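**Student:** The annotation active site, charge relay system is assigned in Swiss-Prot to Asp156, His187, Ser342 on the grounds of sequence analysis. Swiss-Prot lists 376-389 with the feature compositional bias 'Polar residues'. Feature annotation from Swiss-Prot assigns domain 'Inhibitor I9' to 37-113. Annotated domain 'Peptidase S8' per Swiss-Prot: 125-396, in sequence order. Look at Swiss-Prot and you will find Asn63, Asn230, Asn248, Asn392 tagged as N-linked glycosylation site, backed by sequence analysis. Swiss-Prot lists 376-396 with the feature region 'Disordered'. Residues annotated as signal peptide in Swiss-Prot, with sequence analysis given as evidence: 1-20.
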Amino acid sequence: MTGFFTILSFSLAALSVTNAAQILSVPKGAEVVPNGYIVVMKDDTSQQDFSSHRVWISSIHHNMTRRGLDGAGVKQTYDFDHLRGYSGIFDEDTIKDISNDPKVAFVEPDAIISQHVVVQQRKAPWGLSRLSNRRGGRNYVFDSSAGSGVWAYVVDSGVDIRHSEFQGRAVWGSNLVDNKNSDGTGHGTHVAGTIAGKTYGIAKKAKVVAVKVLNSEGKGPTSGIIAGINWSIRHARKHGMLQKSVLNMSLGGTYSAGLNHATAQAIKAGMFVSVSAGNDNINSNGNSPASERSVCTIAASTENDGKASFSNWGPAVDLYAPGHNILSARPGGGSQTMSGTSMAAPHAAGVAAYLIAKEGIPGNRACLRLKQLSQPTIRNPGPDTTSRLLYNGSGR
């Protein structure tokens, strides 16, 4: 089994009435938040119209409470750049009313994200040396700038910010899923260690910002992922770091228009975004956020420059990166080995942070730079899939 998240998401079957916004449906058996929905407004919705819509929703909330729908109403509001919307608990009649508002683009059920069990075994980290040597090698070769002055947003299961790997460079950003500011699965800490750990990391001087969207069972709603992206954009903008930030999401699943749209806004704002291609050995075009064309979608390679057997493939993939038997940090101290495209994506985030610091490129141009530096070395990458492997441009 391999390290990756799965979003049980949505098809494009419309349940809406004529001239109403689409209400996207979920496949049979999908796990969703009971009566939970994500509402996305049209791109041209003004701030004033959005405010008026929210006032109207507040009145609906009052009526739903009177009808006995406990906990009903808006739970999260998204208002950044070209994405305005919200998520919450609504009954069927209310959703029909919402979809009939001409300012609403679409409505989709709030699906549950779940974490897969990951492979763990002790083995030396080979990924760092591979990405800094064209023909492979045992040493990691890098510039001493090492990601200095760059922030890495890890949208995941949390990060053990006190781990010695981070040398005080990790901070807690936001928790959008529970009240436990810890990493209950170990996945987020492992990812952060690959990006910026002193031993296992690529950008060894970058700052890590933990954005928790998955609980100790490795689960959380799609609305929480969107909220995590929203928070990261706002936080980076507040500190003047949008073009000096990378955002990693080692998660994904079937197509979600809302998640793709939110992810694209981070890149438009100036950030680099890396995401996992997926672990089902299928075409990743049907997955989100991997199918969002503006993100850097990363597939997993092996020690021998082959496609990892579990890795997704397809034209949405931008690069391959090491994703098999990757050693990195573990919560509470020490290390552990994991495999998956979840491990490949942070390699790309780390190299992006490294190049942002070394070359001064803006974050949202880093994916193009990664592709320019990459090497066509992957054997049997899959149909209509790039053979290019991540490389940091060390000259070796």
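Placement of Cβ uses the backbone N, Cα and C atoms for every residue, glycine included.
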**Student:** Same chain only, please: residues at least 6 beyond the ends of the region 'Disordered' (376-396) with a C-beta under 8 Å from a C-beta of the stretch. Say none if there are none.
**Tutor:** 130-134, 137, 141-143, 202, 283, 298-299, 301, 305-307, 311, 313-315, 317-322, 347-348, 351, 354-355, 370
**Student:** In the region 'Disordered' (376-396), how many residues does DSSP call helix, how many strand, and how many coil?
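**Tutor:** Across the region 'Disordered' (376-396), the residues distribute as 0 helix, 4 strand, 17 coil.
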**Student:** Going by C-alpha distance, which of the recorded positions Asp156, His187, Asn230, Asn248 is nearest to Asn392 (N-linked glycosylation site)?
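**Tutor:** The answer is Asn248.
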**Student:** Using Cα-Cα distances with a 10 Å cut-off, which of the recorded positions Asn63, His187, Asn230 are near Ser342 (active site, charge relay system)?
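**Tutor:** The recorded positions close to Ser342 (active site, charge relay system) (Cα within 10 Å), listed in sequence order, are His187.
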**Student:** For the recorded positions listed here (Asn230, Asn248, Ser342, Asn392), which one has the lowest count of neighbouring CB atoms within 10 Å of its own CB?
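**Tutor:** Each of the recorded positions Asn230, Asn248, Ser342, Asn392 was scored by Cβ atoms within 10 Å; lowest is Asn230.
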**Student:** Restricting to the chain of Asp156 (active site, charge relay system) and a gap of 6 or more, list residues whose Cβ falls under 8 Å of its Cβ, or answer none.
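**Tutor:** Those within reach of Asp156 (active site, charge relay system), by Cβ under 8 Å and sequence separation of 6 or more, are Asp183, His187, Gly188, Val191, Ala192, Ala210, Val211, Lys212, Val213, Leu214, Asn248, Met249, Ser250, Leu251.
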**Student:** Long-range same-chain neighbours of Asn63 (N-linked glycosylation site), Cβ under 8 Å, sequence gap at least 6?
**Tutor:** none
**Student:** Going by DSSP assignments with H, G and I as helix and E and B as strand, what are the residue counts for the domain 'Inhibitor I9' (37-113)?
**Tutor:** 28 helix, 30 strand, 19 coil
**Student:** With every protein chain in view, what's the tally of Cβ atoms within 10 Å of the Cβ of His187 (active site, charge relay system), excluding that atom itself?
**Tutor:** 29
